Amino acid sequence: MTMTRAAGPRILSMRRGRPFMPPEQVRQERRRNLVAYAYLAPWIIGMVAFLLGPLLFSLYMSFTDYSLEIPARWVGFDNFREMVGEDYRFWLSLRITGVYLLLSVPIYMVFGLLGALLLNQRVWGIRVFRTILFLPSVLSGVAVAVLWQQLLNPDVGVVNSLLRGLGVAHPPGWFNDPGWAVPAMVVTGLWGVVGGGAIIYLAGLQNISPGLYESAMIDGAGALRRFWHVTLPMLTPTLFFTLLTSIIGAFQIFDTAYTIGGANGGNGNSLLFYLLYVWQAGFRDGRLGYAAALSWVLFVIGAVVVLVLMRTSERWVYYENEAR
């Protein structure tokens, strides 16, 4: 009888999905859980206070007419209807950002990969060259913008002086010319981005097993075939990572555009990137509710692009230990 009564609670508790635990062990487990929650509390509080809270507040403000001078007034989808149907600057900033993205992302990825291939060579002083190539990546966007604004000055800039010396009678106006402003931004970003991208690609290159190259050489594959059939497939996870980060970075262009083009977005709004327009709507025009709506539209566009890339990555991203 005693054994039956002692086993009864344990059997019942097992039926509920939890084994029987002595009271002292229960108290110890609770104390361990409290300690774990105490360690997690700063991160949870910070996430709620500085991420989820402002995120939900901005979502609410996107449906209001709100400025610092008047209380928020609920307007529903009026901000989004105005954005799509009446605001030509919204479409202009979206087009400029899209053109910059389509130009910059492939160029930055190609030059970053070329830089990594050069830095992967076994030559004397290669670490010095790696450091030199990476140095521009640590500069702020404002410093890079000021530097290239002087280099690409249409009148006294070094680049146009060299072009005139080569016989080009009418060199581009670069940032002052609406047709050349976005390509000039691509050139500006290339100098500061290619070093960081090259280091990422270099890490991917050095993670490729030498045995794969040896097997390819035994099969008679030359340098080009080894690159195409070994290096590129094994580098696709790194390529995918840099593709995602490059697209997100292109959507977030602000400091360079503001430094070069000013608060008005350059000559003829040629540098009116999307985040610069969000800044104009919120801080220059005082329409904080409309700026919040613009921000959420950009968030949705970016999320859709990332989700599409994530879904399609299974078709071209190859992992060495993954069976296909």
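Placement of Cβ uses the backbone N, Cα and C atoms for every residue, glycine included.
Those TrEMBL annotations? Automatic predictions, nothing curated.
Going by TrEMBL, these are the annotated features:
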TRANSMEM  34-57  transmembrane segment
DOMAIN    94-309  domain 'ABC transmembrane type-1'
TRANSMEM  99-119  transmembrane segment
TRANSMEM  131-151  transmembrane segment
TRANSMEM  180-205  transmembrane segment
TRANSMEM  226-251  transmembrane segment
TRANSMEM  257-276  transmembrane segment
TRANSMEM  288-310  transmembrane segment
Tertiary contacts of the transmembrane segment (99-119) (same chain, 6+ residues out, Cβ under 8 Å): 126, 129-130, 133, 182-183, 185-186, 189-190, 193-202, 204-205, 235, 239, 242-243, 246-247, 250-251, 253, 273
Winner by Cβ pairs under 8 Å against the transmembrane segment (131-151), considering only 180-205, 257-276, 288-310: 180-205
